[in-house]
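Colleague: So TrEMBL has the following annotated:
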BINDING   54-58, 115-121, D144, A234, G286, H330, D393  (6S)-NADPHX binding site
BINDING   N55, D111, S147  K(+) binding site
BINDING   K363, G364, P365, D366, T367, G392  AMP binding site
DOMAIN    7-201  domain 'YjeF N-terminal'
DOMAIN    201-440  domain 'YjeF C-terminal'
Amino acid sequence: MTRPILTAAAMRDAEAAAPVDLATLMEQAGQSLAEAASRFAGSMPALVLCGPGNNGGDGYEAARFLVERGVAVRVAALAEPATDLARAAHNRWTGPIEAFDTAAPAPLLVDCLFGTGLKRGLEDAVSQRLCALAGEANLVVAADLPSGVEADSGAILSPVPAADLTVAFGALKPAHRLMPAMARTGRLVLADIGIAASTDWFELAEPVLPPIAADAHKYSRGLVHALAGTMPGAIALAASAAARSGAGYVRVSTGAPIAGLPLSIVQTGDAKLSDPRIGCILVGPGLGELPHFLTLALTSRAPKVIDADAIALVGDPERLRGQDAILTPHAGEFAKLFGDLPGTKAEQALAAAAHSGAVIVFKGPDTLVAAPDGRLGFAPPAPAWLASAGTGDVLSGIIAALRARGMPAFEAACAGVWRHGRAAERAGPSMIADDLVAAL
Ligand SMILES: NC(=O)C1=CN([C@@H]2O[C@H](COP(=O)(O)OP(=O)(O)OC[C@H]3O[C@@H](n4cnc5c(N)ncnc54)[C@H](O)[C@@H]3O)[C@@H](O)[C@H]2O)[C@H](O)CC1
Ligand SMILES: [K+]
């Protein structure tokens with residue numbers, strides 16, 4: 001089940017369109033926060049930090065519900081409530097309210113200072129106090145977002161303590177799945193508070209793969225044709241990953257035999273891209289400066305995955321329009337092909353997809369999958385040990401296989417990114433790309 005992702009503005013629209021009034025939404029948010037916090041921290045004495053806005057309002061509500069759960073709760077306010085909603089929640093809290101600057105630490109810290117309304121970095125004194133209180137706590141729970149994080153970009157506007165748990169209200173925000181904020185959220189719980197979050201933006205989840213028909217044959221299971229270049233090891237990793245990802249037949253055209261390839265992967269001296277049975281062409285891993293291979297791939301009507309060196313050879317993104325292409329750039333390759341696009345990584349990925357007509361897998365510690373029609377998938381956190389040579393080649397092979405198995409381009413890219421991350425988890429921290437193939 002995918003989790004929806006909304007920007008701060010889209011969130012406000014969804015709240016306004018909700019069938020219940022905002023006070024009820026805030027009460028539901030507070031109740032969800034209290035439930036998640038007490039499930040996570042048990043009856044640890046809690047200090048709830050309330051900011052001036054509605055994030056603070058959530059905090060006053062959560063404090064009330066934590067008391068009902070028998071938790072010893074103290075509330076500290078950064079400032080008087082600045083919204084009617086927060087003021088009403090503040091007034092429903094009947095306990096004492098301490099000053100933020102002098103409140104003593106507690107084992108459980110609940111951060112309700114700022115959420116999607118953060119406009120700028122916190123004042124230094126506020127940021128330092130928040131980090132000090134977090135440092136003294138056993139557990140830190142963030143309401144909606146850790147305070148100091150910018151909801152739409154994932155930027156950290158001032159030092160942010162790492163939350164152990166973040167409770168997102170109504171929908172995830174881009175910051176929950178974009179770096180550097182993603183590394184500060186801890187476990188991420190989505191609280192349903194009664195709003196309809198209909199959106200084309202979502203967090204990737206376990207895909208449903210095409211079934212293998214009882215009467216399948218190697219062509220119907222998908223033929224991937226990979227074009228080797230100057231560094232055969234990379235295309236060998238990609239081709240092996242394609243075979244391990246369920247392609248019925250993987251063929252590598254190469255100028256010289258490639259040692260170490262599984263015998264089931266056919267090596268041929270002839271590119272033969274006119275073969276109508278090709279389910280997906282894969283070009284780029286280890287290609288080197290061989291532009292004619294990219295041109296050859298672009299003359300074929302077959303779906304294609306364009307990765308690594310081939311991305312650098314595209315030149316004009318318009319060349320990809322109508323090509324049924326999936327492009328898999330990392331940040332450097334993205335910037336080189338699309339230039340310095342404005343906006344957040346999410347907006348950049350969508351702009352590139354619209355500009356090129358291709359599905360864009362914008363790789364990184366936070367990988368996004370963008371379709372020209374506006375759909376945007378955000379990958380859940382993947383192990384940092386994926387940052388090693390050859391793992392990108394493996395990803396391109398997985399995606400090519402899923403495309404050849406009949407998944408549409410966007411879905412194949414989303415599924416490939418998700419499976420790549422889970423394979424890395426199985427392979428463990430000492431993995432190299434070869435182990436990643438074995439873990440598929
Ligand atoms: N998702 C839902 O359905 C609901 C979400 N809710 C919560 O509301 C916040 C957003 O509330 P908002 O009032 O817009 O913003 P914040 O509470 O994040 O705070 C903004 C507040 O603080 C001022 N401010 C902004 N930056 C700074 C700064 N660096 N220093 C000082 N002051 C700052 C700004 O002017 C505002 O006054 C959302 O995250 C949820 O937690 C509601 O519960 C409704 C349901
Ligand atoms: K917060």
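Each Cβ is built from the backbone N, Cα and C atoms, and glycine gets one as well.
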Colleague: Provide the number of Cβ atoms within 10 Å of the Cβ of K119 ((6S)-NADPHX binding site), excluding the reference atom itself.
Modeller: 8
Colleague: Can you tell me which of these binding-site residues sit near ligand 1, meaning the Cβ is under 6 Å from at least one of its atoms: N54, N55, D144, G364?
Modeller: N54, N55, D144
Colleague: Just checking: which of the binding-site residues G57, T116, K363, P365, D366, G392 have a C-beta under 6 Å from ligand 2?
Modeller: none
Colleague: Near the AMP site, what residues other than K363, G364, P365, D366, T367, G392 in the same chain have a C-beta no further than 8 Å from the centroid of the listed C-beta atoms?
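Modeller: Not counting the recorded site residues, we get H330, A331, F362, A379, A382.
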Colleague: Is G57 ((6S)-NADPHX binding site) helix, strand or coil when read with DSSP?
Modeller: helix
Colleague: Binding-site residues N54, G57, K119, D144, S147, H330: which have a Cα within 10 Å of K363 (AMP binding site)?
Modeller: H330
Colleague: To which of the binding-site residues N55, T116 does the lowest count of other Cβ atoms within 10 Å belong?
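Modeller: Minimum Cβ neighbour count within 10 Å, taken over the binding-site residues N55, T116, occurs at T116.
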Colleague: Taking the recorded K(+) site as N55, D111, S147, identify the other residues of that chain whose CB atom sits within 8 Å of the mean position of the site's CB atoms, giving them in sequence order.
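Modeller: For the K(+) site the neighbour list reads L49, G51, G56, G59, C112, L113, F114, G115, A142, A143, D144, L145, P146.
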Colleague: How many whole Å apart are the CA atoms of D111 (K(+) binding site) and H330 ((6S)-NADPHX binding site)?
Modeller: 34
Colleague: Could you work out which of the binding-site residues (H330, K363) has its C-beta surrounded by the smallest number of other C-beta atoms within 10 A?
Modeller: H330
Colleague: What binding-site residues among N54, N55, K119, S147, H330 are found with a C-alpha within 10 angstroms of that of T367 (AMP binding site)?
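Modeller: Final answer, ordered: H330.
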Colleague: Where does D144 ((6S)-NADPHX binding site) sit by DSSP, helix, strand or coil?
Modeller: coil
Colleague: Here the binding-site residues are D111, D144, D366; which one has the lowest number of other Cβ atoms no more than 10 Å from its Cβ?
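Modeller: If we count Cβ atoms within 10 Å for the binding-site residues D111, D144, D366, the smallest count is at D366.
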